[in-house]
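Q: Pasting a structure below so you can have a look.
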2 protein chains.
Amino acid sequence: MSAEPDLVALLPIIDHQPRNPALFFQALTHGSTGISPDYQRLEFLGDRVLGMVIAELLYTRFPKAAEGQMSAFLNRLVSRESCAEIARTCKLGPLIRLGKQARDDGGAGSTNILGDVVEALIGALYVDGGLDAARAFIERHWADRIGAISEAPRHPKSELQEWAAARNRKTPVYTLLRKSGPDHDLRFTVQVEIKGLGSAEATGTSKQEAETLAAKQFLAEHGR
Amino acid sequence: MSAEPDLVALLPIIDHQPRNPALFFQALTHGSTGISPDYQRLEFLGDRVLGMVIAELLYTRFPKAAEGQMSAFLNRLVSRESCAEIARTCKLGPLIRLGKQARDDGGAGSTNILGDVVEALIGALYVDGGLDAARAFIERHWADRIGAISEAPRHPKSELQEWAAARNRKTPVYTLLRKSGPDHDLRFTVQVEIKGLGSAEATGTSKQEAETLAAKQFLAEHGR
């Protein structure tokens, strides 16, 4: 088992003076150590704190965005992968307490564990310093990602994929329905379907263009 | 389309004096009215506020509960059905603005719409009065449900079902593996499996008992 986590190294990451340091030890403790409590309860709480704070940031920052678009943004921002990338940027891995086997297996670099620990730290900040402490951490570490969203309009196919994921649906399926027109001026008609949600069709001068237009059409018909 | 919603009738439900009444009109406005904005953006926000506040209440109230158990409680408490029941208890239906067709189709009694409006009201309270206003609403309207949880231990089969749902897995499948022993003293051995998560076995004096024990065994082995 690893030594006591290094709270001094954690301070610049959380930018908060812990009232109850035990909460932050707990947030850095993986179940494989056998130490109880591990980070799971804090991760449960932190996951919901993160969701709410990101929802609020999106609500405020994109006053005209439809609910579907905000959901897609939110799912991307709070994904395990996003949380793990933030953990890597902060170099959190070496601070996590792992059992020997989990450490030998590379647990300190695992996307699941890194993502969990970021959420657990948010939970610890919420319990220790209230919503303001948690929000300050999230605003600081998510600022670049939220900034990038507003500047990069997404490809309609990516947007539709996220739209479906936000509704717990399967990935959109594109089917070429027909090619028409003379060889020098072909037209491709594509259908996109999301099982249980509906379908849309569009025609373009290439298969790729028809797919893009069909995704746009789907979003227009079924609401973003 | 319905008339302006009745804020006077809403006041005892929200127990909050709106600073910005437009937010509460919006929370009561369904998309079928054609009025923009409708409740969707507030519902997006309120959904996450509700999740966080319930997570915090569970975290505080059940200091020993494992993450899996808290997730199961949370999913039940924030379900569309729970929100809709609260809306029915508060008699929210008649206050919702619906398009004529949606009203004729019984929209004011629809579980989806009632659940959405409760979440949208939580969103409006959060924007208008901050976390304290939203939390007060949730604590008041969810008190009985949270109280009931702590007093009614659930059946292991229900608990396992919720545990699987919390992980986006299929419902547990129970298979009778064998009957053994003499006719007057039969033993039933049952396997329960959750696809992708694992399985467990148990033996009892009836199929029902073996299933209950297998569910308990699964939860014990795979963590609540």
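Numbering starts at 1 and runs along the chain as displayed.
Every residue, even glycine, has its Cβ placed from backbone N, Cα and C.
Straight out of TrEMBL:
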DOMAIN    B:7-130  domain 'RNase III'
BINDING   B:E43, B:D116, B:E119  Mg(2+) binding site
ACT_SITE  B:D47  active site
ACT_SITE  B:E119  active site
DOMAIN    B:155-224  domain 'DRBM'
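What's the neighbourhood like for each of these?
A: Taking the Cβ of B:D116 (Mg(2+) binding site) as reference, residues of its chain lying under 8 Å away and at least six apart in sequence are, in sequence order, B:Y39, B:Q40, B:E43, B:C83.
Following the DSSP three-state reduction, the secondary structure of B:D47 (active site) is helix. Of all the Cβ atoms in the protein chains shown, 25 others lie within 10 Å of the Cβ of B:D47 (active site).
According to DSSP, B:E119 (Mg(2+) binding site) is assigned to a helical segment. Note on B:E119 (Mg(2+) binding site): other Cβ atoms within 10 Å of its Cβ, all shown chains, come to 25.
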Q: Quick one: of the binding-site residues B:E43, B:D116, B:E119, which have a CB under 8 A from chain A's CB atoms?
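A: Cβ contacts with A, in sequence order: B:E43.
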Q: Quick one: which residues besides B:E43, B:D116, B:E119 have a Cβ within 8 Å of the Mg(2+) site's Cβ centroid, in sequence order?
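A: Output for this site, in sequence order: B:Y39, B:Q40, B:L42, B:F44, B:G46, B:D47, B:C83, B:G115, B:V117, B:V118, B:A120, B:G123.
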Q: On the DSSP side of things, how many residues of the domain 'DRBM' (B:155-224) fall into helix, strand and coil, could you say?
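A: Tallied per class, the domain 'DRBM' (B:155-224) gives 30 helix, 23 strand, 17 coil.
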Q: Please report how many Å separate the Cα atom of B:E119 (Mg(2+) binding site) from that of B:D47 (active site), as a whole number.
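A: Cα-Cα distance, B:E119 (Mg(2+) binding site) to B:D47 (active site): 5 Å.
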